[in-house]
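Q: A single structure is presented below for examination.
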Amino acid sequence: MAKFVFITGGVVSSIGKGIVAASLGRLLKSRGYNVSILKLDPYLNVDPGTMSPIQHGEVFVTEDGAETDLDLGHYERFTDTAMSRLNSVTTGSIYQAVINKERRGDYNGGTVQVIPHITGEIRERIHRVAANSNADVVITEIGGTVGDIESLPFLEAIREFSGDVGRNDLAYIHVTLLPFIGTSGELKTKPTQHSVKELRSIGIQPDVLVCRSDRTISEEMKRKIGGFCGVPTRAVIPSLDAESIYAVPLTLEQEGLCREVLDVLDLTDHDSDMAAWQELVHKLRNPGPAVKVALVGKYIQLNDAYLSVVEALRHACIAQDASLDLHWVCAEQIESDGAQALLKGMDAVVVPGGFGNRGVDGKIAAIRWAREQRVPFLGLCLGMQTAVIEWARNQAGLTEATSAELDAGTPHPVIHLLPEQQDVVDLGGTMRLGVYPCRIAPDTLAHRLYGDQVVYERHRHRYEFNNAYRNLFLESGYVVSGSSPDGRLVELIELKGHPFFTACQYHPEFLSRPGRPHPLFQGLIEAAQQRLPSSPVEAIQTQR
């Protein structure tokens, strides 16, 4: 039978609950326990698929095609375990399910209420993850901050959960902040005390407190916090600001987080094997020469909009003993200032995914610059589509070429709507989503990087390369290095005679892991290193 851990947050939002959940998952897995982590999000959207990346950050896509919160990316990267649509729950999806049941008559004419129906549905979702994941421990992160109206049904549900399982079968962790007041020169515990008081008022007594701070927390302060909050001093876990999120599991291990959780859950504290993770963090702290990578996007106001792309670049740099010098470049600014002005000196260019017309011409200009200047280039999703448009306009003689998404009346729709999308009306959850196989062509850059004939990648798109122009592109120098098994869909392209120019319709960033970088990103960084003045790089084949 699975054990359950619930992680709440107090004092401020963005306190780091997701990283704590992912770190605990890593520590449990290092002891031989199977782990699954789910996120309960308090917003009314059914999923984040239609939300603005500038408001919400990136949409992380699972293997089974769920559009989820970016925290699921942290869960997968830290635990190296694939999550599913069951691991992402929103208030909107809960209410939708309950209302659908009411319409079907499942409640036999009863009055449908927040308690017990909404809270019961929430508890059922948590049990469902346990039943379908074969996990020894299910970790649940509750979004929002204790005291928010939106989070109350979730908090009530996890309070009720103690009636579903034994008290030794669940643990409550509360992540909180100890602010430093400069004028008094001390950390303050009062916000934490009030946050725990709020949590206790709804019937939840935390077993462990994870206290975020930017400076050392003394033993005396830990005793004070524990005394006021009803938590043993040893269960007050300091979590100081780290130079990298990948250092957090090691810090929490040193402070005894996993030991305390296992004690509450009455589980054996097996020996932990974190050697590979320690080596990873050592490499992060002792990087080689920096490579300058330009990320050309339209949502750069919020870095989280491209979180998985940035992490994939970091993973590749770790593997290549390089330091990532990331330059955020606004695609719209390229339209006004020119690519040369903003990209000069870059060792590589990445154009990630996106939607709509805004910034597209800037992306196309960046791609042309990378192609003509022979700078390593990687395009992702819309990045591939804009690479196709750039080639069509500047090399294939189709000066009016574009995507049907951008101009439905274009005479040359080199990118067009997938046939199965023709009659789709709703926006949410209707794209080509999830894992699909891709057949890699022999004697290509892609085959050298992947070292395999068939790979499986995650997708999120409605538009695809228009095969009516396929022969024209092939004749003019484009290489289709990856396609669907039936050959119908172009999934991966590259250019002959360029040091590194490739673009894919899928999202390889979702499959990159700290100790196992994605081949396309590692290949990009390896190619970028070749541009450094004095940094000999081993051939990428020797890395595998």
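Glycine is treated like the rest: Cβ placed from N, Cα and C.
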Q: Taking Glu332, Glu335, Glu400, Glu405 as the options, which does Swiss-Prot list with Gly354, Leu382, Gly383, Met384, Gln385, Arg462 at the L-glutamine site?
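A: According to Swiss-Prot, the candidate sharing the L-glutamine site with Gly354, Leu382, Gly383, Met384, Gln385, Arg462 is Glu405.
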Q: Please pick, from Lys39, Lys222, Lys224, the residue that Swiss-Prot records in the CTP site together with Ser13, Asp148, Ile149, Glu150, Lys188, Thr189, Lys190, Pro191, Thr192, Gln193.
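A: Looking at Lys39, Lys222, Lys224, the one Swiss-Prot places in the CTP site next to Ser13, Asp148, Ile149, Glu150, Lys188, Thr189, Lys190, Pro191, Thr192, Gln193 is Lys224.
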Q: Using Cα coordinates, what distance in whole Å links Glu509 (active site) and Ile19 (ATP binding site)?
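A: The separation of the Cα atoms works out to 18 Å.
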Q: What three-state class does DSSP give Ser13 (UTP binding site)?
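A: It is coil.
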Q: So which one is it: of the binding-site residues Gly16, Gly18, Pro191, which has the fewest other Cβ atoms within 10 Å?
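A: Among the binding-site residues Gly16, Gly18, Pro191, the sparsest Cβ neighbourhood within 10 Å belongs to Pro191.
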Q: I'd like to confirm something. Which of the recorded positions, Gly16, Lys188, Thr189, Thr192, Cys381, has a Cα closest to the Cα of Gly354 (L-glutamine binding site)?
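A: Ranked by Cα distance from Gly354 (L-glutamine binding site), first place goes to Cys381.
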Q: Using the CB centroid of Gly354, Leu382, Gly383, Met384, Gln385, Glu405, Arg462 as the L-glutamine site centre, which other residues of the same chain sit with their CB within 8 A?
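A: Sorted by sequence, the hits are Gly353, Phe355, Cys381, Thr386, Ser403, Ile415, His461, Tyr463.
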Q: Check the binding-site residues Ser13, Ser14, Thr189, Thr192, Gln193 for other C-beta atoms within 10 angstroms of each C-beta and report the one with the most.
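A: Comparing the binding-site residues Ser13, Ser14, Thr189, Thr192, Gln193, the most crowded Cβ belongs to Thr192.
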